[in-house]
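In case it's useful when we look at the structure, here is the feature table from Swiss-Prot:
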- Gly119, His120, Ile121: (6S)-5,6,7,8-tetrahydrofolate binding site (BINDING)
- His224: site 'Plays an important role in substrate specificity' (SITE)
- Lys225: N6-(pyridoxal phosphate)lysine (MOD_RES)
Amino acid sequence: MLNPDVKTIVDAVEGSQDLFRHSLPMIASENVTSPMVRKVLSSDLGHRYAEGQVGHRFYQGCGFVDVIEGKAIELAKEIFRAPHVNVQPVSGVNCNIAAFFALADPGDKLMALAVPSGGHISHAKFSAAGIRGLKIYTHPYDNQIMNIDVDRMIKQIREIRPRVVMFGASLFLFPHPVKEAREVCDEVGASIVYDGAHVLGLIAGGQFQDPLREGADVVTGSTHKTFPGPQGGIILCKEKFAKDIDEAVFPGTVSNAHLHHKAGLAITLAEMKAFGKQYAAQIVKNSQALGAAMDDLGFNVLCKDLGYTKSHQIAVDVSKIGGGSVLASKLERANIITNKNLFPWDDVNTTDNPSGLRLGTQELTRLGMNEPEMKEVAKFIKRVAIDKEEPEKVKKDVVHFKSQYQAVKYCFDGDGAYEFSLR
């Protein structure tokens, strides 16, 4: 018989497992790992430390860890064609903090997207950029194309002369103008950091854009969104920044790198080497198919004239049918898991119920769904959002539909997306 406190926790863990077994997971910042990755996450590595770099550790007993981290670095260099790789950060925000410490000093200027325009919180004064003491200026943004205004950006870089120009976003429909910024950044002495957290798997699979080839000096990213690995971070950079990046990671911002996650990352890198091109291509196809299907059903999907998206995300303005928070809550009752999202025209004080829904297809794709399934998903959302059906009624059909998608695809051992037991 379980201890009552332990039982409370075990019940909640199993409840969450069961929820997602029967739900449509459409949070754009999540994914599901392969069974092999889940196995190594529960290995003895989760008990161990390995401070330092491969071959230069401060503790004994790290020989196998060196093999694992060395293989992860080798695979990442190959997949991303990166001169230098650091796999030790424990999150995407950790990566950004390390990049800011490596490339800038307190009081230096940073250009990044505003949060309502899709910028991540770590690019703002109340998170990583503020921790480094950077003065933050926001990219000029074109609401019509949901992207940075290139001409105004170039002008602003010349005027402000920032130390770091940041690209990347949490609402990220289209590639950012890295190539267009490179020349003017060289002119003013600015480094380019590309936060690829959301699109790292797309980049690995040859989709979306190739920031290192387009002119980025440093690419940061989390490893658990379109890149379907365990939660963690990775930094890719040009060789000239390698020493500063490595020192900003250790001893700067990481002590122990969560070794079980690095083993999972290495396996996911092997999966992406084998299956990444097909996976990334299907994600983009599914996103565009979902956007078209929802548009056909009467939703206000942004950027129709641009094909809705080139990433794993679509953005839907639901301000006239309840707002993002209200609708996300209703969809959750139907086992459709989404999130509300600020849009550029929203007041920052409307975070409780902003205009938008952000929908991601990367996890549905990982579970084997293709374009025809996106039409079915769109119909489920319409029944709740537009037809005003009781969510609990729609839930029954969602559960039946999801029962057909219970295995992880684009990996070596795809059975059992939700196999799990604590009792």
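Cβ coordinates are placed from backbone N, Cα and C, and glycine is handled just like the others.
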Taking 8 Å from the centroid of the Cβ atoms of Gly119, His120, Ile121 as the cut-off, which other residues in that chain fall inside it around the (6S)-5,6,7,8-tetrahydrofolate site?
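Checked against the 8 Å cutoff, the neighbours are Ala112, Leu113, Val115, Gly118, Ser122, His123, Ala124, Ser127, Ala169, Ser170.
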Give me the count of other Cβ atoms within 10 A of the Cβ belonging to His120 ((6S)-5,6,7,8-tetrahydrofolate binding site).
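That number is 25.
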Counting Cβ atoms within 10 Å across all protein chains shown, which of the recorded positions Gly119, Ile121, His224, Lys225 comes out on top?
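Top count of Cβ atoms within 10 Å goes to Lys225.
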Out of the binding-site residues Gly119, His120, Ile121, give me the one sitting nearest to Lys225 (N6-(pyridoxal phosphate)lysine) by CA distance.
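Ranked by Cα distance from Lys225 (N6-(pyridoxal phosphate)lysine), first place goes to His120.
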